[in-house]
């Protein structure tokens with residue numbers, strides 16, 4: 001059990017990069033971008049093919065990031081210059097990328113298990129630092145029996161996710177970043193302040209999908225393969241992370257929201273891991289579980305809000321009745337009822 | 001009409017003509033060969049009933065619409081085909097809807113930063129620097145609404161009047177060549193409308209902005225500005241210069257309107273006052 005949870009936190013930190021990308025398109029640009037299902041795999045396949053081809057895995061990962069950027073820009077072009085509906089332009093790119101991903105890999109699956117990847121290199125680097133032993137002995141001293149293979153991936157991936165978060169936070173506070181946020185918030189307004197909303201949307205979607213592809217490239221190296229089907233439902237996983245994160249950690253400011261997205265991505269992995277331990281659920285049920293989580297995360301906060309509202313009203317009505325025990329002020333009650 | 005670059009005219013509309021839904025039963029000539037010249041510092045108010053072409057005229061200047069015939073010149077440069085967002089470097093706008101001019105989920109200082117970078121190429125500079133924040137604070141004091149103490153409040157939390165005052169400041173504090181006000185007090189209650197009107201007067205005078213203001217309120221059209229035009233059916237049917245405008249009253253304007261479009265008077269009176 002601890003090993004499974006540990007693994008889900010590790011994976012969650014890598015998937016957090018993808019969730020940050022989805023946050024950029026979905027929340028900042030207000031653009032439901034389905035390109036993600038395709039660009040995630042594009043990142044994975046570019047990295048996998050380059051690694052198998054003998055390139056440095058870090059270079060391969062960076063190239064994957066650029067490929068994702070290009071894919072996102074194309075979706076933006078379809079939407080802004082081609083005047084195609086936002087959802088549709090994402091779906092079109094997603095379908096197109098499926099074939100492109102197959103072309104990149106040349107087959108539907110590229111194994112990486114025997115290759116030297118960014119993950120294996122980072123693990124080796126970490127183990128060279130000798131921090132694992134220190135943590136292990138600390139854990140041993142505390143009497144905890146759980147010993148993972150290495151802490152390196154977890155810690156390095158968390159650092160990476162937080163670095164991405166901080167960069168996004170800073171970027172969204174620059175002149176361009178502010179303009180991108182305003183594009184998602186009020187297009188009429190930002191256009192009257194000399195911003196080209198087409199370019200901003202294209203750039204925003206590019207950055208979003210660059211993060212998604214980056215995440216895809218790392219997931220492929222973490223899992224040891226790239227598969228053409230590994231992106232199916234990725235947008236929903238991203239959304240689940242964003243929504244769960246915001247519901248639990250809050251989203252008042254950008255800094256808070258991006259932190260929430262990382263938390264949401266990790267929590268999502270833990271929830272799925274736990275759900276899969278339920279007897280009658282199988283690995284194939286994962287997409288269904290994801291859908292149920294997202295539906296729950298979308299509906300529950302509203303239900304809770306309604307319930308709170310009702311309780312508040314009931315309390316205020318009761319208080320009002322008490323103060324007007326002899327029932328002379330009906331007007332007062334009416335005012336409270338209509339005040340919601 | 002002098003040829004070549006006319007230096008002392010800031011905004012020049014030559015023979016602007018626009019037909020909507022051409023060739024269909026709904027065909028409508030929104031603007032009929034309009035000529036309009038504004039000198040630097042002119043403040044022109046535009047009145048007219050619904051469908052007179054006032055908003056279309058504004059959209060021609062802002063670049064939201066492109067005329068079928070005619071040209072738009074700003075400071076001697078032909079901008080007829082220049083895109084809306086590029087043109088907005090030169091042109092400040094305040095819309096009728098108080099929600100339209102600001103980004104609700106962003107803070108007051110972030111909104112101001114967006115307005116501040118209107119005239120420059122946006123880069124990776126910090127949007128709200130210490131220096132800019134001081135500048136914003138100083139400008140916000142002009143509004144007398146206490147917004148200078150709420151720089152990090154989200155704009156969505158402000159009232160309609162506060163948002164419109166902020167929109168007005170954002171449209172003007174970078175001193176655009178032309179300011180377009182499109183019935184910017186129409187959606188506010190009388191007290192707020194009064195406040196925005198006096199702020200408009202103050203700000204336009206401070207920056208000596210060349211301004212075009214559409215309004216349905218005749219008294220406001222008379223109180224503000226040095227020139228006035230009345231539009232009807234896509235044409236300018238009445239125009240006053242500075243001296244004539246001083247002696248105008250709402251009654252005289254209505255009389256004038258009646259003389260020109262007598263037959264429509266009764267139905268339009270309600271709309272115009």
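Yeah, the Cβs are placed from backbone N, Cα and C, and that goes for glycine too.
Nobody curates TrEMBL annotations by hand; they come from automatic prediction.
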Range among A:85-104, A:105-124 that TrEMBL annotates as transmembrane segment: A:85-104
Candidate ranges A:177-196, A:257-276 [criterion: TrEMBL lists as transmembrane segment]: A:257-276
Stated TrEMBL location of transmembrane segment, expressed as one of A:288-304, A:305-321: A:288-304
Winner by Cβ pairs under 8 Å against the transmembrane segment (A:58-78), considering only A:6-26, A:85-104, A:199-222, A:228-250, A:257-276: A:199-222
Sequence-remote partners of the transmembrane segment (A:6-26) [C-beta within less than 8 Å, at least six residues beyond its ends]: 32-33, 36, 40, 146, 148, 153-154, 157-158, 160-161, 164-165, 168, 204-205, 207-212, 214-216, 218-219, 222, 234-235, 237-239, 241-242, 245, 257-258, 261-262, 264-270, 272-273
Residues of the parent chain within Cβ reach of the transmembrane segment (A:85-104), under 8 Å, 6 or more residues beyond its termini: 31-39, 41-42, 45-46, 49, 71, 74-75, 78-79, 228
